[in-house]
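Features of the protein shown, as given by TrEMBL:
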| type | residues | note |
| --- | --- | --- |
| BINDING | R75 | pyridoxal 5'-phosphate binding site |
| BINDING | R97, S98, Q105, R313 | substrate binding site |
| BINDING | R271, R398, K463 | tRNA binding site |
| MOD_RES | K284 | N6-(pyridoxal phosphate)lysine |
Amino acid sequence: MNRDSFAAGERLVSPAYVRQGCEARRSHEHLIRLLLEKGKCPEDGWDESTLELFLHELAIMDSNNFLGNCGVGEREGRVASALVARRHYRFIHGIGRSGDISAVQPKAAGSSLLNKITNSLVLDIIKLAGVPAVTSCFVVPMATGMSLTLCFLTLRHKRPKAKYIIWPRIDQKSCFKSMITAGFEPVVIENVLEGDELRTDLKAVEAKVQELGPDNILCVHSTTSCFAPRVPDRLEELAVICANSGIPHIVNNAYGVQSSKCMHLIQQGARVGRIDAFVQSLDKNFMVPVGGAIIAGFNDSFIQEISKMYPGRASASPSLDVLITLLSLGSNGYKKLLKERKEMFSYLSSQLKKLSESYNERLLHTPHNPISLAMTLKTQGEHQDKAITQLGSMLFTRQVSGARVVPLGSVQTVSGHTFRGFMSHTNNYPCAYLNAASAIGMKMQDVDLFIKRLDKCLKTVRKEQNKEISTDISPQHITVLWFCFCKHPIMPS
């Protein structure tokens, strides 16, 4: 209600009570005004009543919610189901215009304002998370893979002769398919083994640049967040190579916003060399439904070019989800989640190390990976792969999601390219292993329950392996062993 409405209310209810209600309303409006003025995530999260008031105020600015609206076009924000309308807070027009996902819609001032505010808040959080030099970003209603494709398609217009993308290997299908879908030929750079870690082969990257020629290379496509024993790419060195060769650099930072180490690599890479854009998932970093990503960079004009490459309007749902989440958490709430994630990583590491040692296994030493851990899986008997995959299925049926078991020598073809040792990020990793990650939102009880269930599964698998070994020894083998023992008895030391 405005001032006139409150004044009218004073004729019906005590003016003192109405003034008190008016002051309460002003408290909500003060928070909203600060948000619009500063364009930054509030330090403290908003309560639900302020959030709903804000969303309602924005929604009634869209033409489909005008009381006297008369729509005669093909896209008038008509919704058949009231449930669907409520689910989207009556934001029906989406974001952007046919030629630019970041443009303002004349029919939807509220949705356009929502889009601008969301992008501003996300930029603020990226700076807070460790990349203060970032200058521009926008939320796109596609997951990470398709968002990477959009970046590559934008570069196509800048580098029409280029047909190759140099890609340090990361065994994740969407990363590989993002390049194929954009119409480019990935040049796979195998990783090098340093201790237990798989790291970027910089010499191989430089050799490929010289072999193919910089003009024929669209970009280097590097990765930060990844499954151990692979660790984040050497971003600083790659950024320098790109800067010296005049080659663009696109970073897949899928779930790296939650890691200060990944964000620091991006910040440093941009400082010493070249990073044109980095892409991160909304669901993995902000705990919202799958379907959105953030494309960010250090050059406003290039990020705007990417947004203009998106054809048509776009769904406002990812923007709405992350806006609600960030306003609910506030910057203090998000920083608290980042701190808790680091603590959970240390706790998961210590618990997994204890468990692995109790089974004569080993937690792989991967200090450069700040999110994912890996534990060796030694197997006995003839059916090694069967035992590894059995462990994976046992964990899954016991409702342990996210853990991955990686056997030796798995072969898989993705978009015509055959990967040996698929999922292990290299052709021949020395051992099979199990992955677990400490991602944002993980709690101590999640770690404890995972360790408890993994312990039970390992016991079961080991028992079955021992049975197989015992049944493999025939009576003839026993006779031979007994004869050898009689002939050469083992004397006590």
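Using the three backbone atoms N, Cα and C, a Cβ is placed for every residue, glycine included.
What you see is a predicted model, and the numbers here were worked out from it, not measured in a lab.
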Set of same-chain residues at least 6 away whose C-beta sits under 8 angstroms from R398 (tRNA binding site): R453, K456, C457
Residue among the binding-site residues R97, R271, R313, K463 whose Cβ has the most other Cβ atoms within 10 Å: R313
Cβ-Cβ neighbours of S98 (substrate binding site) (radius 10 Å): 10
Proximal but sequence-remote residues of the same chain as K284 (N6-(pyridoxal phosphate)lysine) (Cβ under 8 Å, at least 6 apart): A254, Y255, Q258, A439, I440
Rounded to the nearest Å - Cα separation of Q105 (substrate binding site) and R75 (pyridoxal 5'-phosphate binding site): 12
Intrachain C-beta neighbours of R75 (pyridoxal 5'-phosphate binding site), sequence separation six or more, cut-off 8 angstroms: H93
Rounded to the nearest Å - Cα separation of K463 (tRNA binding site) and R313 (substrate binding site): 58
CB contacts for Q105 (substrate binding site) [other CB atoms within 10 A, all chains]: 19
Site diameter for substrate, Å, by largest Cα distance between R97, S98, Q105, R313: 10
Cα-Cα distance maximum in Å, computed over every pair in R271, R398, K463 that the record assigns to tRNA: 54
Euclidean distance between Cα atoms of R271 (tRNA binding site) and S98 (substrate binding site), Å: 35
Additional residues surrounding substrate, by Cβ distance to the R97, S98, Q105, R313 centre under 8 Å: G94, I95, G96, G99, D100, A103, G312
Rounded distance in angstrom between the Cα atoms of R313 (substrate binding site) and R271 (tRNA binding site): 34
Nearest-integer angstrom distance between the alpha carbons (Cα) of R271 (tRNA binding site) and R97 (substrate binding site): 34
